[in-house]
Amino acid sequence: MPLTSPKEMFDKAYQDGYAIGAFNVNNMEIIQGIMKAGEAEQSPLILQVSAGARKYAGQNYIMKLMEAALKESDLPVVLHLDHGQNFEICRDVISDGFTSVMIDGSHLPFEENIALTKQVVECAHGQGVWVEAELGRLAGVEDEVSSAENVFTDPDEAVEFVERTGCDSLAIAIGTSHGAYKFKGEPTLDFDRLEQISSRLPGYPLVLHGASSVLPEFIDMANRYGGQVSDAKGVPEDFLRRAAKSGVCKINIDTDIRLAMTAVIRKFFHEKPQEFDPRKYLGPAREAVQEMVQHKIKNVLGSSGKI
Ligand SMILES: O=C(CO)COP(=O)(O)O
Ligand SMILES: O=C[C@H](O)COP(=O)(O)O
Ligand SMILES: [Zn+2]
Ligand SMILES: [Zn+2]
């Protein structure tokens, strides 16, 4: 199946109150784990590539891995640029064949964010490519830049932003953040704000970044085998189910992939210190990614069988 645009995926998801998982890819094992999970669940998928992933794997490798994944699958798959920081990176990945880009002007003043987003929308729409933008700011680390504070999305500004830029979906800040340390105390999200935004933008797909749940199973395993990932806390799965029913069509997950792989590899190294064949630990790490992604699709996002 060739790469698809998010349009049809999001229309269906919005109608039925489920969400599509957008999973970050960095290497072969991650792509394979996600694709296998999607196959097993017959779920549409968004594979997303950050600037960091492009730098790590190399854009040519990413494209060839995608090509291989699509050759072996009939699933609808979107190839999406995660957190595009400027016009040039969006333009470059569009010419490589990405079907969706995020232009992240959330660090800019409102008018500058609008101007940058509009510039990307004009270029992308000319080629049938979807544009996600961001308004508000998430605390945490993204692309090696860390933001100390959340700046929640203002509902009035969200409406004006969408109207003036013509962006196709909007990432909003309602209390999630990137990484494994999302909450100091009890997790909370500003659902009132989400309802306000979604009711003022009816039918419009919203995006939730920083949506990993930081599964205790992997935190415990990592720590049991020498890790030091303490006080980690993610977004409770019930919050994600609720968000999916309130206009959130795309839920971004990266940290949970990282934790699953790391936990399994730590355990392996501890239990089999004499082994040195990377396939022996990257294989189980790939299986852990598959299982975790399958769990999300089936039990949290609700996208099983929605192809
Ligand atoms: O938002 C993300 C990628 O854009 C990932 O968020 P997590 O760090 O919660 O996985
Ligand atoms: O939003 C951030 C994603 O988790 C990507 O992270 P990265 O920039 O380290 O690849
Ligand atoms: Zn951002
Ligand atoms: Zn993000």
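Every residue, even glycine, has its Cβ placed from backbone N, Cα and C.
Keep in mind that TrEMBL annotations are predicted by a computer and have not been checked by a curator.
Per TrEMBL, these features apply:
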| type | residues | note |
| --- | --- | --- |
| ACT_SITE | D82 | active site, proton donor |
| BINDING | H83, H178, H209 | Zn(2+) 1 binding site |
| BINDING | D104, E134 | Zn(2+) 2 binding site |
| BINDING | G179, G210, A211, S212, N252, I253, D254, T255 | dihydroxyacetone phosphate binding site |
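The 6 Å Cβ screen around ligand 3 retains E134 from the binding-site residues E134, G179, A211, N252, ordered by sequence position. Ranking the binding-site residues S212, T255 by C-beta neighbours within 10 Å puts S212 at the top. Secondary structure at D82 (active site, proton donor), taken from DSSP and collapsed to helix, strand or coil, is strand. In the three-state DSSP scheme, T255 (dihydroxyacetone phosphate binding site) is classed as helix. Listed in sequence order, the recorded positions from D82, H83, D104, E134, H178 having a Cα within 10 Å of the Cα of D254 (dihydroxyacetone phosphate binding site) are H178. A C-beta separation below 8 Å, combined with a sequence spacing of at least six in one chain, links G210 (dihydroxyacetone phosphate binding site) to L138, G140, T176, S177, H178, G179, K182, V235, N252. Fewest other C-beta atoms within 10 Å: among the binding-site residues A211, I253, that description fits I253.
Among the recorded positions D82, H83, D104, E134, none has a Cα sitting within 10 Å of the Cα of I253 (dihydroxyacetone phosphate binding site).
Between the binding-site residues H83, H178, H209, the minimum number of other C-beta atoms within 10 Å of a residue's C-beta occurs at H178.
Rounded to a whole number, the distance between the Cα atoms of D82 (active site, proton donor) and A211 (dihydroxyacetone phosphate binding site) is 14 Å. What surrounds the dihydroxyacetone phosphate site, by Cβ distance within 8 Å of the Cβ centroid and not counting G179, G210, A211, S212, N252, I253, D254, T255, is the set N24, T176, H178, H209, G234, D256 from the same chain.
If you take the Cα of D82 (active site, proton donor) and the Cα of D104 (Zn(2+) 2 binding site), they are about 8 angstrom apart, rounded to a whole number.
Proximity to H83 (Zn(2+) 1 binding site), defined by a C-alpha to C-alpha distance within 10 angstroms, is shown by the following binding-site residues from D104, E134, T255: D104, E134.
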